[in-house]
Amino acid sequence: MVRTKVLQNIFMVTILILLACVSHAKSPKRSLKGFRLDLSHIDSKGKFSKIELLHRMIHRSHHRMHRFARKTQNQSPNASKHGTETDVTVGSGEFVMDIAIGTPSVTFPAIIDTGSDLIWTQCKPCIWCFPQPTPIFNPSASSSYRRLPCTAKLCKSLPFYNCIKNNTSCQYMYGYGDGSYTIGNLSSETFTLGSKKAHKVAFGCGNKNSDGFDKSSGLVGLGRSKLSLVSQLKFKEFSYCFASLDETKQSPMFFGDLAYLNVSTATGPAQSTPLLKNKVSSFYYLSLLGITVGKTKLNVPSTVFALQSNGSGGTIIDSGTAISYLEMTGYKAVRSAFISQMKLPVANSSDAGFDLCFKAPSHVSSFVVPKFIFHFEGADLDLPKSNYFLHEIENDLLCLTIMGSSGISIIGSMQQQNFKIIYDLKKNKLTFIPVQCDKL
């Protein structure tokens with residue numbers, strides 16, 4: 001009798017445990033899937049003076065802006081896929097992540113780039129290669145390395161590829177707007193990202209690579225196409241938080257479920273705006289409706305910043321352009337507004353590399369500048385002073401870190417400083433949250 005009751009009790013406990021397990025399995029809460037990486041500024045280990053850092057940053061930004069303008073002004077949805085002007089993509093950038101490739105894994109620094117898609121690194125045997133800070137990747141030393149055949153779907157996602165026969169390896173050529181390029185074999189490898197391993201990631205194993213990718217071994221494309229890292233890992237969210245450029249601290253980047261974490265230290269409310277798609281490019285477009293300088297909302301039509309039906313124009317947010325650029329009509333209005341409101345003499349800015357500089361006041365840190373606000377659809381990005389004015393100490397100038405462009409507007413990384421920027425590709429929205437990035 002006692003034994004029967006004991007058995008019944010054991011049976012009931014077992015049933016309850018099973019029911020609890022089933023209930024937990026049906027719960028909508030899913031396990032955390034994602035990872036964090038820390039980014040370094042591309043010049044952080046270069047031992048440059050502050051003025052040298054500034055000039056290098058401006059030089060890269062000007063080149064990148066011209067690449068964007070060149071690409072968008074030649075967009076056509078009916079253009080040929082092979083070898084046309086539409087194949088020119090945007091490369092280089094401001095921030096570098098460490099990625100480990102192969103089995104056993106070898107670590108390389110790679111530029112992150114929301115303006116392109118291909119992941120690539122220099123590979124042996126290297127016919128033409130630029131100097132990089134680490135040894136060049138040797139595919140023959142990795143047990144997980146494979147060349148992808150021409151029949152691979154991702155081969156056909158390349159803007160330009162060469163295949164003599166379907167069963168041969170997929171040879172790619174990826175060109176950039178300034179004439180730089182990488183040529184090699186589309187391959188697959190095991191990537192180690194933080195504490196996570198990702199298998200069979202497609203990447204370019206470049207044997208012929210031009211200069212233009214300083215302080216790195218290649219690029220990690222974060223654009224919208226199937227070739228990018230976020231697309232291949234099937235993540236629908238990623239985010240980054242750029243620390244101030246005058247700091248040596250690293251900037252965190254998050255993928256997957258971690259993209260929305262660590263916002264408890266926010267210094268202001270989260271705001272979201274739609275991410276727009278361009279049928280002829282994989283850039284991340286925003287709907288910029290207007291701009292306020294000081295207390296004045298500028299009289300600039302929203303069409304100046306709008307994405308056109310043929311794929312030209314528009315406003316993009318970019319990780320790799322340091323300063324912001326506004327289509328010339330909008331920029332001229334911004335420039336005039338600051339000149340009229342700053343109450344400081346305009347100075348010669350040619351040595352600094354900017355378009356608009358003022359003679360710095362005696363107390364720069366406490367000097368109050370007019371507000372600057374980007375008005376996006378559904379959100380207002382009210383920038384702190386350090387995100388749009390820079391004190392150029394050598395010439396004692398206070399310079400506006402926004403300039404004019406032709407045909408496209410770009411929200412650069414300096415304007416994104418100390419905001420957590422969340423890309424939600426499932427909901428097609430961009431969220432920005434003010435936060436001290438070096439505290440995350």
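Using N, Cα and C of the backbone, Cβ positions are placed for all residues, glycine too.
Just so you know, TrEMBL annotations never went through curation; they're auto-generated.
Marked as active site by TrEMBL: ASP113, ASP318. The domain 'Peptidase A1' annotation in TrEMBL covers 95-433. Here TrEMBL flags 1-25 as signal peptide.
Rounded to the nearest whole angstrom, the C-alpha distance between ASP318 (active site) and ASP113 (active site) is 8. Around the Cβ of ASP318 (active site), 25 further Cβ atoms fall within 10 Å across all displayed protein chains.
Mean predicted confidence for the domain 'Peptidase A1' (95-433): the pLDDT average there is 93.
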